[in-house]
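The feature ATP binding site is assigned by Swiss-Prot to G12, R73, F74, G103, D104, G105, S106, with sequence analysis given as support. Positions annotated as ADP binding site by Swiss-Prot: 22-26, 55-60, R155, 186-188, K212, 214-216. Residues or ranges marked as Mg(2+) binding site in Swiss-Prot: D104. What Swiss-Prot records for T126, I127, D128, R163, M170, G171, R172, E223, R244, H250, I251, Q252, R253 is substrate binding site. Taken from Swiss-Prot, the feature active site, proton acceptor covers D128, and the record attributes it to sequence analysis.
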Amino acid sequence: MIRRIGVLTSGGDAPGMNAAIRGVVRAALSEGLEIYGIYDGYQGLYEDRMEQLDRYSVSDVINRGGTFLGSARFPQFRDEAVRQVCVENMQRRGLDALVVIGGDGSYMGAKRLTEMGFPCIGLPGTIDNDVAGTDYTIGYFTALETVLEAIDRLRDTSSSHQRISIVEVMGRHCGDLTLAAAIAGGCEFIVLPEVPFSPEDLVSEIKAGIEKGKKHAIVAITELVCDVDELAKYIEKETGRETRSTVLGHIQRGGSPVAYDRILASRMGAYSIELLQQGYGGRCVGIQNEKMVHHDIVDAIENMKRPFKGDWLETAKKLF
């Protein structure tokens, strides 16, 4: 029987993580369970930095970005001896289960703890929207609004100077954030990690737009596809149009979460407690067709793939 639960946030922060912690804490307390907050992710778990939380511990956090528990990348967690210390710390504290909020790297940590016999539930907290088994991740919609606002501002100045602007968006190997922001922001060109990219082809498309009378343009590109500064130089050289690159960077991770992220995080947090009380462990929570779902965390990491929104891209091409 589950009586005492730990909760931590891990990896890159995302708006809505605080709302998720709140959902876990309030739902656990409503069921008569004890809940412990673990500071700075798996590193804090290894260092035994945790404390008991009550309902007032999560007052006034639902509207705050970031995570009040803190987060840290802890590559040493790959070492089985380090994980064993973590398990021993939780056992000594009397914890029966752990809720982990983070991305796929955080899920991998939860998977390894589950394999060591300690039940974990994973909640998808990342702006990248790249976690399998869920339509959306906590923080994605807030980041989308942040990127869209930046694109709108770039369009103002790009149109004033008849300039080509390249905006680099986070997402790693997933183009969801870039694609959605590009459609919403009316970007003329989209470069995604899921689609083969050629600078020469992009320049040809830009030249075609110029020949049709296009005075300015915005290129939305997912990080890691290429060096955007070098791409800007190449486009300017080939087109004769002033071209500037803007890397949005970590500003995309900050800010007060939008309503949907707060609701999603709250629902997922509460659902994780339901699953633990039903005897589940080694699961990850998702939302599909607006319903809460759960999957085997090993299956989600190793076998499940996020479908590429090819139909969205085809729509975008028709609009630009």
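Any Cβ shown, glycine's included, is placed from N, Cα and C.
Structural mapping of features recorded in Swiss-Prot.
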| residue | record | CB count, 10 Å |
| --- | --- | --- |
| R22 | ADP binding site | 25 |
| S59 | ADP binding site | 9 |
| F74 | ATP binding site | 21 |
| D104 | ATP binding site | 19 |
| G105 | ATP binding site | 17 |
| T126 | substrate binding site | 28 |
| K212 | ADP binding site | 7 |
| H216 | ADP binding site | 20 |
| R244 | substrate binding site | 18 |
| R253 | substrate binding site | 21 |
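Closest by Cα distance to R172 (substrate binding site), from the binding-site residues F74, D104, G186, is D104. If you take the Cα of D104 (ATP binding site) and the Cα of R244 (substrate binding site), they are about 33 angstrom apart, rounded to a whole number. When other Cβ atoms within 10 Å of the Cβ of M170 (substrate binding site) are tallied across all protein chains shown, the result is 24. DSSP assigns R244 (substrate binding site) to a strand segment in the three-state reduction. Cα-Cα distance from Y56 (ADP binding site) to G103 (ATP binding site): 27 Å (rounded to the nearest whole number). Of the chain residues outside the ATP site list G12, R73, F74, G103, D104, G105, S106, S10, G11, G41, G102, M108, G109 have their Cβ within 8 Å of the site's Cβ mean position.
Closest in space to G105 (ATP binding site), of the binding-site residues given as R22, V25, T126, R253, is T126, taking the CA atom of each residue. Looking at K212 (ADP binding site) and R244 (substrate binding site), their Cα atoms lie 21 Å from each other.
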